[in-house]
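Right, one structure below, let's go through it.
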Amino acid sequence: MSNLHVDVFSMEHAAALDAACPLRHLREQFLIPTKADLTTTAFLELEAERQQSDDESSSIYLCGNSLGLQPRLTSVRLQQYLTTWQTQGVYGHFKPLNQSPLPVWLHADEEAARRIAPIVGAPVSEVAVMETLTANLHFLIAAFYRPDISGRHKIILESKAFPSDHYVVESQIYHHNLSPATSMITIDPATSSEAIISTAHILAIIAEHASTTALLLLPGIQFYSGQLLNIPTITAAARKAGIFVIWDLAHAVGNVPLQLHDWNVDAAAWCSYKYLNAGPGAIGGLFIHERNGGVSPTPESGDRGFTNRLSGWWGSDKSTRFTMDNKFVPIPGAAGFQLSNPSILDITSLNASLQVFEMAGGMVPLREKSLRLTEFLETGLDGLDGKPFRIITPREKGGRGAQLSLRLEDGLLDDVMKRLVELGVVVDERRPDVVRVAPAPLYNSYTDVWRFVNAFEDALDFAVERTRKS
Ligand SMILES: Cc1ncc(COP(=O)(O)O)c(C=O)c1O
């Protein structure tokens, strides 16, 4: 590191930034694994009252893009849920309990929708907390993809889409007896060495296939490169071309502010185990714009008055849900796309973590901190002059979320990751050569970032040395 750089990127500077950070108290709301936790192979007893570990003993956890950390409130709320189940049995579905911080189970999904709505920028009626991300993409496409081989039948997605999204699209196309060879259009980055896809390039592909495309599926933030796509511009262009637009918000939700309603997005789906911190595999969610989820009280003859969807009883009108008369009366809006009664265990966990977002004051202050934190990371990395890596995430702040993706020179990844693990750093790798680093503003500090950059420099030197010797 150069001397000049040490001044702007020093431990003292990091500590001063932490001291001045208005969200610094939120770190205490989370359980951060210690380095010892991560090296032990013994099962550790649950310590709900665990003390906050200090900077020396805690790991440097910058992996909220993969799995967010556990809020302290989660185990409290889950225990309350278990107590309700234990003491009330089936009554827990509908019997309100004085002083309980939990909703009755019959309304738990509504409470979760109410809490998530401001995070995605939508009225509650356009949001449902349900199922999981891949399943929700399938449900959305099942409802809104009506291909016509002599008209609109194509689905556009990126060539480096997350594998699950690729499989969803491919299988939906086969499901309609069509072939991906003719009905699936993939968008490549401009050159093979580039990870970023420009908005202009996406718009050009949309224009090229405008009259034959039925649906566009893109990620809000690309999982590999960390690129934040221009959701409003791309949505507007695709909709103008008559294309239904779905966004996969796995890496965007809880990371960047979203305005799905105002951006006129048709539909979107997300998971809640990354920046939303609801726990591994926890319940996901979806957004459906009001124009797509409406239910007409006076349908024209021969019309059911709503878009057909793969339905289940939880999407049917609450007041008649238990009459068991087999008449599907969809709840207007996104809630009408629900299928099963949701896992209350999951929803309790999600509601607990969304309460921490409320403590933060929502996405605007979080994004403010996130921009600064990621910029601090960028400054630190830029100071590692001549080291064998480069940042492939857009340098422009508006073009990224919390994550920076670092592309290493060939052959270094395994040794870099090995050394980072030894140093108590938790980040993840995406083969063949990328390390993803994501400071989450809810629980990461500037000091975490400073510690990471030092560890990363050490890991790069270690890996280069090993390559030289081999
Ligand atoms: C961009 C993206 N899409 C889809 C998925 C699949 O999510 P799930 O396993 O919850 O269906 C993931 C998982 O990490 C993802 O990152």
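Glycine is no exception: its Cβ is also placed from the backbone N, Cα and C atoms.
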Additional site residue, TRP85, TRP313 [criterion: listed by TrEMBL with LEU133, THR134, PHE162, PRO163, SER164, ASP165, ASP248, HIS251, TYR273, ASN341 for pyridoxal 5'-phosphate]: TRP313
On the three-state reduction of DSSP, what should I expect for PHE162 (pyridoxal 5'-phosphate binding site)? coil
At the Cα level, what's the spacing in Å between SER164 (pyridoxal 5'-phosphate binding site) and LYS274 (N6-(pyridoxal phosphate)lysine), rounded? 16
Would you please pick out, from the binding-site residues LEU133, PHE162, ASP248, TYR273, ASN341, the one with the fewest other Cβ atoms within 10 Å of its Cβ? ASN341
Hey, what's the widest CA-to-CA gap across LEU133, THR134, PHE162, PRO163, SER164, ASP165, ASP248, HIS251, TYR273, TRP313, ASN341, the pyridoxal 5'-phosphate contacts in the record, in Å? 31
Output, ordered by sequence, the same-chain residues six or more apart from LYS274 (N6-(pyridoxal phosphate)lysine) with a CB under 8 Å from its CB, or 'none'. GLY64, ASN65, SER66, LEU67, GLY68, ALA250, HIS251, VAL253, GLY254, ASN255
